[in-house]
Structure formats: C-alpha cells, structure tokens
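Annotation source TrEMBL lists Zn(2+) binding site at His72, His74, His229, Asp303. Sequence annotations record features per position, and here TrEMBL assigns Fe(3+) binding site to His72, His74, His229, Asp303. Marked as 4-imidazolone-5-propanoate binding site by TrEMBL: Arg81, Tyr139, His166, Gln232, Ser308. Residues annotated as N-formimidoyl-L-glutamate binding site in TrEMBL: Tyr139, Asn305, Gly307. Look at TrEMBL and you will find 64-384 tagged as domain 'Amidohydrolase-related'.
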Amino acid sequence: MSSSTVITNIAALVTNDPSLGDHSPLGLVRDAAVVIEGDRVVWTGESSKAPATDNRVDAEGRAVLPGFVDSHSHLLFAGDRTEEFNARMSGRPYSAGGIRTTVAATRAASDAELEASLTRYLAEALRQGTTTFETKSGYGLTTADESRALRVAARHTDEVTFLGAHIVAPELADDPAAYVDLVTGEMLDACAPHARWIDVFCEKGAFDGDQARAILTAGKAKGLHPRIHANQLSYGPGVQLAVELDAASADHCTHLTDPDVDALAGSRTVATLLPGAEFSTRAQWPDARRLIDAGATVALSTDCNPGSSFTSSVPFCIALAVRDMGMTPDEAVWSATAGGAAALRRDDVGRLVPGAYADLTLLDAPSHVHLAYRPGVPLVAGVWRRGVRKL
Ligand code: NIG
Ligand code: FE
C-alpha cells in the first residue's frame with residue numbers, strides 16, 4: 001500500500017466542496033488538514049480530527065488550495081512576438097494577423113525544440129501553482145505540423161486540443177474553403193487520435209459561424225469534443241454556436257449581447273475568461289460580474305501564447321479578474337480551480353475531496369485572498385501534483 005501524508009496546520013483550506021467548512025462555494029475549512037495517499041486525496045477536514053499517517057508536513061499556518069486548472073493555453077509554438085507587443089504598446093491595435101509570425105517560426109522548429117519550449121513553459125506554470133493544463137495546436141496549420149504539435153503535447157497532458165482552425169493557413173489565404181476542407185478532412189484524420197478537444201477561432205479574420213460549425217461538427221464525428229474561441233475581438237456567433245453544440249467552454253467572451261449571456265447561463269457551457277489577453281492587447285475587460293449574476297459558470301485561464309497573452313501565471317489572472325472584471329477574490333479562486341475543471345468536464349481535479357487527485361498549492365500567505373491582495377508577489381510556496389511534491 002502506498003504511504004500516506006498529512007499536510008496539517010493549514011490556516012485556510014480551499015476544498016471547493018460546499019458541504020465542508022464555511023459551506024460557501026469554496027468550502028473553506030479553517031485550521032485544516034489534508035491527507036494524501038498515493039496520487040489521491042483521501043481525507044480533508046479540521047486538523048484536530050485528522051487520521052494518523054506515515055508522514056507529516058507542517059503548513060505553518062499558511063493557506064492551501066487545489067492546484068490551478070489552466071483550461072486554455074497555446075504552448076506549442078516557437079519564437080516570440082516582442083516587436084509586435086512593443087508596437088502595440090505604442091498604439092498599434094491587436095489583430096489575428098500576428099499569428100502568421102508564430103506559424104512561420106513554429107514550422108521551422110524541430111520536434112526537440114518544440115518540446116523543449118513546451119517543457120519550459122510548463123515548468124514555469126507549475127512554479128506558479130498550475131497542476132492541470134490544457135494546450136492547443138494552431139501554429140502549424142499543415143497536416144504534418146498540426147499533428148506533430150499534438151503528439152508532443154500528448155506526452156505532457158491529457159487535455160490536448162486540435163486548433164487547426166486558428167487562422168486560414170497563409171498558403172491558402174485566397175481559398176479559405178479549401179483550408180476548411182483540409183481541416184475537416186485529412187488534417188482532422190491525422191490529428192483526432194492525439195487530441196480530446198477541437199477548437200475554432202470564430203472571429204472576423206479567422207473563421208465565421210458557418211465554417212466554425214462545419215469544423216466542430218466534423219470533429220465531433222471523429223470523437224473530439226468542441227470548445228470555441230468566441231466573441232473575443234467583436235460580437236459574433238461563437239457563443240451561440242458553443243451552446244448549440246454543447247461545447248465544454250466558450251473562451252474569451254469579451255463582447256457579449258444579452259442573448260449570449262442568457263444562452264450561457266441556460267447551458268452547461270462554461271464561459272472561460274482570459275484577462276491576460278485583454279491586459280496584453282489593451283482591450284476592454286470581459287464582464288465576469290454580468291455572467292456570474294446571470295447564472296453562468298465562469299472559468300479563469302491564462303491563454304498563454306506569444307501573441308495576445310504571454311503569461312503562464314494564473315495568480316496574475318486572478319488579480320486582474322478581481323481588480324477589473326468585478327469578481328470577488330473567492331469567485332476568482334473558484335474559477336481558476338473548480339471553474340477550470342468544469343471547462344474541461346473534469347471532477348477529479350480542481351477540488352480537494354476524497355477521491356480527487358492530490359494536486360495542491362501551498363501559499364506563502366494565510367489566505368487565498370492574498371492571491372489578489374498581493375498582486376505580482378510570488379506566493380506559491382509548495383506544489384503537489386498527483387501526490388508528489390514538485391516544489
Ligand atoms: O486566444 N484568439 C486567438 N488565439 C490566441 C492568440 C493567438 C496569437 O495572437 O498568437 C488567443 O488570444
Ligand atoms: Fe486562446
């Protein structure tokens with residue numbers, strides 16, 4: 001039998017189980033302990049009631065929460081876009097066109113370079129408390145380049161997304177219909193075995209609603225489940241399409257009509273908000289308050305990519321969401337843990353309950369609220385992933 005460890009003397013434990021502790025959505029337990037056995041949580045509750053274990057870790061009166069679930073990133077890329085960012089901060093607007101720069105660099109990179117780059121950003125994310133991450137292709141845009149990106153990703157996570165429909169490949173810019181045929185045909189056949197999800201950038205300059213529906217429907221027929229980049233740069237059909245297709249998530253949701261908000265609230269499609277993108281493109285913030293008040297489920301993720309959001313830091317996104325998107329600190333922490341899990345249709349991560357994976361973040365702070373209260377401060381003092389201490 002695997003050995004058991006108790007993490008004790010936790011001042012504030014976020015379980016995301018409302019039946020525990022303060023019975024809020026965070027299920028906040030004071031003076032708490034967590035018991036880990038193998039890769040799972042086997043017990044959570046008040047320290048004084050913790051069962052006997054083989055090993056003991058003293059949290060020294062600090063806070064513990066589920067490892068962050070970053071349900072939206074684009075980490076299969078080479079190069080960076082420093083010049084584009086610099087120009088944007090001097091007034092040039094963001095457009096989807098910059099993606100081509102990264103496509104060229106990614107195609108030119110070797111498999112080893114692509115994997116080394118992915119590994120580096122994953123390590124960076126782990127140091128900031130992320131224990132589950134989704135990542136996407138989308139900077140290859142040929143059958144060979146998209147499928148190799150997914151093969152590399154699948155060596156590091158189960159949450160792999162095929163985003164061949166990021167933009168129309170530059171060599172087919174004059175014939176978008178031919179590119180949609182490629183994505184729904186040969187490219188999908190090569191990519192589907194390596195992915196769980198299919199995504200489309202549904203936006204002016206990328207793919208319209210009809211193209212997105214065709215691509216996602218073809219993906220569903222191959223066993224992939226949809227998620228959509230929706231309503232990021234402008235109002236559009238993405239959110240309604242996400243709900244129509246029972247997508248796990250509609251991502252960005254920056255420009256929403258009242259019917260869009262109502263559709264999300266009446267569905268199980270999660271609204272995944274990505275404030276790193278609005279920060280790095282100086283765009284208007286998504287209105288988390290409006291979505292939550294309407295009853296929608298909200299997730300918070302980094303969107304880490306070299307163009308619109310080059311941050312791997314969930315704590316940074318939490319701070320932005322609290323400062324600028326109307327979220328309370330509790331809501332932002334929930335959205336970055338349980339919300340991310342909902343956006344990946346998972347119940348084995350994002351919560352600290354018996355049976356869930358032992359993915360935990362220990363903060364160098366007495367409360368999870370410090371993630372927003374102390375922005376920019378490296379508060380992550382410990383990370384366990386699948387029961388193994390990584391930091
Ligand atoms: O999620 N919106 C589309 N894709 C990315 C940006 C990609 C890029 O600029 O390289 C996003 O923001
Ligand atoms: Fe994205």
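Using the three backbone atoms N, Cα and C, a Cβ is placed for every residue, glycine included.
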Cα-Cα distance linking Arg81 (4-imidazolone-5-propanoate binding site) and His72 (Zn(2+) binding site), given in Å to the nearest integer: 19
Whole-number Å value for how far Asn305 (N-formimidoyl-L-glutamate binding site) lies from His74 (Zn(2+) binding site) (Cα to Cα): 5
Candidates near ligand 1 among the binding-site residues His72, Arg81, Asp303, Asn305, judged by a Cβ under 6 angstroms: Asp303, Asn305
Candidates His229, Asp303, Asn305, Gly307 (binding-site residues) - the one closest to Arg81 (4-imidazolone-5-propanoate binding site) by CA: Gly307
Integer Å distance between the CA atoms belonging to Gln232 (4-imidazolone-5-propanoate binding site) and Asp303 (Zn(2+) binding site): 12
Listed binding-site residues with Cβ under 6 Å from ligand 2, out of His166, Gln232, Asp303, Ser308: Asp303
For His166 (4-imidazolone-5-propanoate binding site): intrachain residues, at least 6 apart, with Cβ closer than 8 Å: Ile99, Lys136, Ser137, Gly138, Tyr139, Leu141, Phe201, Ala206
